[in-house]
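Student: Relevant sequence annotations retrieved from Swiss-Prot are reproduced here:
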- 121-194: region 'Disordered' (REGION)
- 166-180: compositional bias 'Basic and acidic residues' (COMPBIAS)
- Tyr217: site 'Histone H3K4me3 binding' (SITE)
- Cys218, Cys220, His242, Cys245: Zn(2+) 1 binding site (BINDING)
- Met228: site 'Histone H3K4me3 binding' (SITE)
- Cys231, Cys236, Cys258, Cys261: Zn(2+) 2 binding site (BINDING)
- Asp232: site 'Histone H3K4me3 binding' (SITE)
- Trp240: site 'Histone H3K4me3 binding' (SITE)
Amino acid sequence: MDPSLLLDQMLQDVSNLPAEFRYMLEEVGLEDEQCLELRKRYQQKEGILHKYIKQNGSLAANPKEDELLAEVEQSMAQVRELQEEKCQRANTILFLVSRHLNKLQQNIIMLEEDGLLAPAEDEMESGPDFSRESSVVGSTVSERKRKAASEDHPRRKKQSRSMSNTHREKSYNKGDDTADVKSPASTEREGTLDLQNYQEELFSSMNDNEKEDQNLYCFCQRVSFGEMVACDGPNCKYEWFHYECVNLTEPPKGTWYCPDCKQEMSKKLKKKKQ
């Protein structure tokens with residue numbers, strides 16, 4: 001395998017990412033502004049209610065209380081919806097970064113196995129020439145060394161609490177001119193796709209030629225599909241789980257551990273107490 005060809009392909013794969021990320025971050029910024037405006041709105045309504053109580057006492061009925069409370073609840077629901085959309089966009093960015101780092105890692109392994117690239121450990125021992133490794137690549141290689149259970153189960157860094165695995169394979173048609181490729185972000189700008197369809201198109205467009213996400217995950221040992229959640233256990237055997245396999249219907253709040261990791265942590269806790 002020619003290293004220059006791998007480099008050219010990698011650069012081609014990531015060439016559209018800056019525009020995609022810029023668009024998604026701009027959308028997050030706009031949603032932040034909407035959230036702030038909605039917060040001001042419902043805080044103003046709450047202020048009216050508190051002012052009435054101060055002036056008339058808590059026992060006096062406010063004729064506008066039901067109307068004001070309904071407006072407060074509506075604004076809070078809109079804020080919650082916007083926050084969820086922001087999380088989806090952030091998860092999309094993190095997922096794409098992780099995906100390309102994983103591909104870069106696999107290319108490094110391939111070159112090392114072909115003898116075209118010295119292993120990372122040998123380079124560090126032979127001298128201070130780290131030109132091949134940026135801090136990101138170095139951390140990726142370390143992750144590979146730590147978690148290389150098998151080639152069928154490459155570990156993805158825990159970049160999000162959960163992610164939508166609608167990244168079905170569709171060709172980027174690499175022979176075409178880059179200018180002719182219409183990005184999912186530009187499609188959404190035209191208003192033809194909602195957020196969910198945008199994510200589906202974004203993930204779909206990545207990997208028909210790469211065929212790199214046929215790995216098996218979860219207790220069920222099936223490929224990724226639907227919603228998936230990452231276990232926060234540092235030594236989790238599977239790391240990613242389908243919602244249905246762990247009885248989840250929505251993203252968990254805070255830290256989440258799979259049943260196996262919970263059991264292992266419980267055993268360690270009992271040993272410490274003894």
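Glycine is treated like the rest: Cβ placed from N, Cα and C.
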Student: List the other residues in this chain whose Cβ sits within 8 Å of the Cβ centroid of the Zn(2+) 2 site residues Cys231, Cys236, Cys258, Cys261, in sequence order.
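Tutor: Close Cβ neighbours, site residues excluded: Asp232, Gly233, Lys237, Tyr238, Glu239, Phe241, Tyr257, Pro259, Asp260, Lys262.
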Student: Counting every protein chain present, what is the number of Cβ atoms, excluding its own, within 10 Å of the Cβ of Cys231 (Zn(2+) 2 binding site)?
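Tutor: So the Cβ neighbour count for Cys231 (Zn(2+) 2 binding site) comes to 23.
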Student: Between Trp240 (site 'Histone H3K4me3 binding') and Cys218 (Zn(2+) 1 binding site), what is the CA-CA distance rounded to a whole number of Å?
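Tutor: For Trp240 (site 'Histone H3K4me3 binding') versus Cys218 (Zn(2+) 1 binding site), the Cα atoms are 6 Å apart.
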Student: Whose Cβ lies within 8 Å of the mean position of the Cβ atoms of Cys218, Cys220, His242, Cys245, the Zn(2+) 1 site, other than those residues?
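Tutor: For the Zn(2+) 1 site the neighbour list reads Tyr217, Phe219, Gln221, Arg222, Phe241, Glu244, Val246.
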Student: Can you figure out which of Tyr217, Cys220, Asp232, His242 (the recorded positions) comes closest in space to Cys261 (Zn(2+) 2 binding site), comparing Cα atoms?
Tutor: Asp232
Student: Tell me, by DSSP, whether Cys261 (Zn(2+) 2 binding site) is helix, strand or coil?
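Tutor: It is helical.
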